[in-house]
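Per TrEMBL, the features are:
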DISULFID  CYS133-CYS169  disulfide bond
DOMAIN    209-354  domain 'Lysosome-associated membrane glycoprotein 2-like luminal'
DISULFID  CYS327-CYS364  disulfide bond
TRANSMEM  372-395  transmembrane segment
DOMAIN    374-405  domain 'Lysosome-associated membrane glycoprotein 2-like transmembrane'
Amino acid sequence: GFFQSYAVEVDVKDASNATCLYAKWMMKFLIKYETNSSDYRNTTLNLSSTVTHNGSVCGNDTQAALLAVQFGEGHSWSINFTKTNETYQGGFITFIYNTNDTAVFPDAKRKGPVTIVVKDTMRPVQLNSVFVCHNTDSLEAENVTQIFWNVTVQAFVQNGTIGKKESRCRADTPTSAPTVLPTIANVTTASTTTWSPAPTTAPKPVENPDTGNYSLKSGNKTCLLATVGLQLNVSQDKPVLININPKTTVADGTCGNTTAVLRLNDGNSTLIGFTFVVKNASASVQKFYLKEVNVTLLNSLNGSVISNADNNNFSKWDAFLGSSYMCRKEQTLEINENLQIHTFNLWIQPFLVKADKFSTAEECFADSELNFLIPIAVGLALGFLIILVFISYIIGRRKSRTGYQSV
């Protein structure tokens, strides 16, 4: 799950050879694509060491500025900037990836370029100021997650001179101290991941995570419901337990008739994706189940990617279509040898949600076993109590007879 990405630096000049648009940043892309066997596979597209910026445009009062880069085997990315009298801001991001790149998309069913367009979330920046964002930002659309960090950009540069005043993104000015994941070295042109040394003092025991409530909508209707507490177990030199905080976690994803995806973003430190599919249990009965889980760990200090892990061979959390699945007991999902997810108080329904409420739940074996054992234990206790009463009665009768005989 460790990989490398390169920094991009673009300095666009105007007709007088003065800088009019400057940007330096790092980015990578997490993409889900369909294979020839109709399965879905996750892949990571990184920037190569060679990037061109053909088609970039300075822009003016009436024309948008355009920052465009090309890399790898037919991949490209661009963003346009619009200008007012006092500010500039990002407009739309266009990302084109080419599935003919067999090194990145082996066995891809769809061949050729795929275009993704998404609205940028950058706030307006004062003219002659530089937008800076060291922490991670991510955008998700159509099975593609775009991840950015170490961003420095200024559009509509005046007099060819980069401004000295900075406008920071929200992620660089947190309201509370961030959760520190294992750190990696700071990067300028290429990132190299290393884990931080183990603490010299004994770590405090990690409590069970808080339970979060998540939902997705299709139009005005709720199409997916999930209640779960999540804990990551990351093993490298020593295991690290990470609780997912529901208060800082945002849910998004997609709903379909046979496939549903729930993506959880824990304050740009952890990205977790759950993929559910429908299968035919018989000719007339359908069930859903969890098929795939993808986890991306991000360094909360500088936003770089620490690890990306995926397992698309699950067959868990199955229940009849139209019902929900519940498991209050702790469960473990093995993503790979270095990463597991522990779930607590799970209740999930990825299909056919009605009236914004869970349907009747099918409980996991651990819960049903517990529910089965409780009445047995109660029955055994009552039986033991009856036996004690009966023995006491017999002993009492014998003592009474002995007393009568002595008289």
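Glycine too: its Cβ is placed from the backbone N, Cα and C atoms.
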For CYS364 (disulfide bond), what residues in its own chain, 6 or more apart in sequence, show a Cβ-Cβ distance under 8 Å? TYR325, MET326, CYS327, LYS329, GLN331, LEU346
Ordered by sequence, the long-range same-chain Cβ contacts of CYS169 (disulfide bond) under 8 Å (at least 6 apart) are MET122, ARG123, PHE131, VAL132, CYS133, ASN135, ASP137, VAL151
Is it possible to list how many residues within the domain 'Lysosome-associated membrane glycoprotein 2-like luminal' (209-354) are helical, extended or coil according to DSSP? 3 helix, 101 strand, 42 coil
If you draw a 10 Å sphere on the Cβ of CYS133 (disulfide bond), how many other Cβ atoms land inside? 22
